[in-house]
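If you look up Swiss-Prot, you'll see 7-19 marked as compositional bias 'Basic residues'. Taken from Swiss-Prot, the feature ubiquitin cross-link covers Lys14, Lys16, Lys120. Summarising the annotation, Swiss-Prot assigns phosphoserine to Ser2 and lists similarity to another entry as the type of evidence. Positions annotated as N6-(2-hydroxyisobutyryl)lysine by Swiss-Prot, on the basis of similarity to another entry: Lys6, Lys10, Lys37, Lys75, Lys96, Lys119 (among others). Here Swiss-Prot flags Lys10 (among others) as N6-succinyllysine, drawing on similarity to another entry. Residues or ranges marked as N6-lactoyllysine by Swiss-Prot on the basis of similarity to another entry: Lys10. Annotated N6-acetyllysine per Swiss-Prot: Lys10 (among others), in sequence order, evidence recorded as experimental evidence. Residues annotated as N6-glutaryllysine in Swiss-Prot, with similarity to another entry given as evidence: Lys100 (among others). Residues or ranges marked as N5-methylglutamine by Swiss-Prot: Gln105. Marked as region 'Disordered' by Swiss-Prot: 1-22.
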Amino acid sequence: MSGRGKQGGKARAKAKSRSSRAGLQFPVGRVHRLLRKGNYAERVGAGAPVYLAAVLEYLTAEILELAGNAARDNKKTRIIPRHLQLAIRNDEELNKLLGKVTIAQGGVLPNIQAVLLPKKTDSHKAKAK
């Protein structure tokens, strides 16, 4: 009985997400939806969400790498906002990118002005002799 349904056709291939096609962890489909709903442009090309998801993934990985190093330096196994703050503010490019951003519970960078430090004198050496 030809012409009745899809009995003779090929089995449909397993669905593959656009993120996995691009080799990304960030959701390309969600980024595409947000670009469309955000009224940034009338139309959104197919490559734009892939590129944007890749950029966001790269920036996230970079920040997490530096924050992980900051956590390890402080002998901690969990990244907290303080580690994110230290990572971003100690990196010149990330600090410029996120210069106006306030990180809650981030604290400040340790910094003592040179004028306030005690003066280095030879008084200790003179008293020893």
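Glycine is treated like the rest: Cβ placed from N, Cα and C.
Known features from Swiss-Prot, placed on the structure.
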residue	record	CB count, 10 Å
Lys10	N6-succinyllysine	6
Lys14	ubiquitin cross-link	5
Lys16	ubiquitin cross-link	8
Lys37	N6-(2-hydroxyisobutyryl)lysine	8
Lys75	N6-(2-hydroxyisobutyryl)lysine	6
Lys96	N6-(2-hydroxyisobutyryl)lysine	8
Lys100	N6-glutaryllysine	5
Gln105	N5-methylglutamine	9
Lys119	N6-(2-hydroxyisobutyryl)lysine	6
Lys120	ubiquitin cross-link	7
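When the Cα of Lys96 (N6-(2-hydroxyisobutyryl)lysine) is compared against those of the recorded positions Lys16, Lys37, Lys119, Lys120, the shortest separation belongs to Lys37. DSSP classifies Lys100 (N6-glutaryllysine) as coil under the three-state reduction.
For Lys10 (N6-succinyllysine), the nearest neighbour among the listed modified residues (Lys37, Lys75, Gln105, Lys119), judged by C-alpha distance, is Lys37.
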